[in-house]
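Colleague: Have a look at this one.
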Amino acid sequence: MQKMRSLFAVPYALWLMFFVFAPIALIVGYSLMDINGHLTLTNYQDFFSSSNYLLLTLSSFWYALLITLCTLLFGYPMAYCLTHLKHRDLWLMLVILPTWISLLLKAYAFIGIFGIHGGVNQFLGLFGIPARQILFTNFSFVFVSAYIELPFMILPIYNSLVEIDSSLIFASYDLGANKWQTFTKIIWPLSLSGVKSGIQAIFIPSLSLFMLTRLIGGNHVITLGTAIEEHFLVTQNWGMGATIGVVLIIIMLLVMGLTRQRKGGS
Amino acid sequence: MKKNKIATLYLTVMFIVLYLPIFYLIGFSFNAGQTMNKFTGFSLVHFQELFSDSRLLLILLETFLLAFLSALLATLVGICGTLWIRYTKKKVTKNALLAANNLLLVSPDVIIGASFLILFTVLGKVISGFNLGFLTVLLSHVAFSVPIVVLMILPQLEKMNESLIFAAQDLGANYWQTLTNVILPYLTPGIIAGYFMAFTYSLDDFAVTFFVTGGGFTTLSVEIYSRARQGVSLEVNALSTLVFVFALVLVAGYYWISQDGSSSRKKRKKRG
């Protein structure tokens, strides 16, 4: 097969060149160019000297953190409970099923649910709570994002929990550990790899959810993704857009470094 | 006992939260009224609207055509990539190839979209007549689906017994025959799974398409986005009902395929 190797290499190498390396080179290149196409560092200077951009990065980071924490907080117990169910594969499938529906449709559903006359306000109205604006608030943005990302947290945690050898847990009880100790000393450390992949799968996309900030956040929340979209498609300032893109890539690499799985372990 | 009850309650609440928005959406597609607030009576009027909306139906058709085509091309490129990576002897090169392969999988959509937009604009300056449209969307969908295809096929190829290939060659098969009669049939479950993933990736994508679509070509996601920005239209609800049914069928199909694959693998194990 060695001889045919070079033949297979052609299409894939073309793909690598055009769609992996060239785009990265181009986005870095454009971030180093001003509007007239001259090589300069002004974009980066602007970015790091403008409180607007720095605040934007910080708030985007903060929202992504919030979304990730929410999914972890609600997803971990759910994954844990799921592993103890009788037909757990079937239930897991039901967790995955919503991910097959376009996130735009789910966001669209929340336009109806969170609307001023929508489902939630009608429900609260039953208890005499006056209708309030839920859509286009920071809360609705975090809620809807967490809702959409939840299955991607549950899935890896579930997988790592299922892999835990149950005799380890029995051993822990036999040795006199209570439920809490068993959880903190045995289950949590062993499921950490799942938690890490869950964080990776959610934190990075959360930085770039520009459609949700538009549809649900009502432009109150601006993430790095929204800023990139705006610079590329609205104000046509590609240099600055590419600069924010490079910052996003750097944050992505940092997050991946922090949540890296140790190789060869368990 | 008590803990079990709490767990059941928690799961029930979470599943309700998970499915309520979807059923809310579907429920109102049967609404006789025009809003997602008040159910004024059962009616199929929005489905009628949907089926007489030729623009939307055309977009639906084009979206599926795009998904079929891009998944097909991505699978072909992915198979080549898998074979290349598998038969790369040097460990360092292999790891580098794998890392490069996964780069697009972990990149945020916006970055992929923005960088592809730059790429296509630059290409458009070099090649005359190359504009944003169906072709650029197709190329991008192929591009971001290739890595997942490779990841679905590679583990199977790594597991494949090398002596099968030697046996084929001893029996006089040339490289092409070995590939089409031995390797590809062996990889079929992985290839189908990869095609499936590429297909759903393409159907699901919004952000990348949004960047590279220009004005002339629209996919379903982009269309839903622009309609949702204008407010509620129950035609979109009717559409999501159809999408949900389709997703159910796809999931069932996917599980059938994967169950089939694992059961035949088990059988093989028993025989061996």
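We number each residue from 1, going along the chain as drawn.
Cβ coordinates come from backbone N, Cα and C, glycine included.
Taken from TrEMBL, the feature domain 'ABC transmembrane type-1' applies to A:57-259. Residues annotated as transmembrane segment in TrEMBL: A:12-33, A:53-78, A:90-114, A:134-158, A:198-217, A:237-258.
Looking at the shown structure, what environment does each listed feature sit in?
Modeller: Cβ atoms under 8 Å from those of the transmembrane segment (A:53-78) belong to residues 46-47, 95, 138, 141-143, 145-146, 149-150, 152-154, 157, 195, 198-199, 202-204, 206-207, 221-225, 227, 244, 247, 251 of the same chain, restricted to positions at least 6 beyond its ends.
Sequence-distant contacts of the transmembrane segment (A:90-114) (same chain, at least 6 residues past either end, Cβ-Cβ under 8 Å): 78, 82, 120, 134-135, 140, 143-144, 147-148, 151-152, 154-155, 158, 211-212, 215-216.
Beyond the transmembrane segment (A:134-158), the same-chain residues lying 6 or more positions past its ends with a Cβ under 8 Å from any Cβ of the stretch are 63, 66-68, 70-72, 74-76, 78-80, 82-83, 92, 95-96, 98-99, 103, 106-107, 110-111, 114-116, 118, 120-121, 191, 193-195, 197-199, 201-202, 205-206, 209, 212-213, 216-221.
Through the fold, the transmembrane segment (A:237-258) approaches residues 27-31, 33-35, 43-44, 46-47, 53, 57, 61, 199-200, 203-204, 207-208, 224-225, 227-228, 230-231 of its own chain, all at least 6 residues removed from its boundaries and within a Cβ separation under 8 Å.
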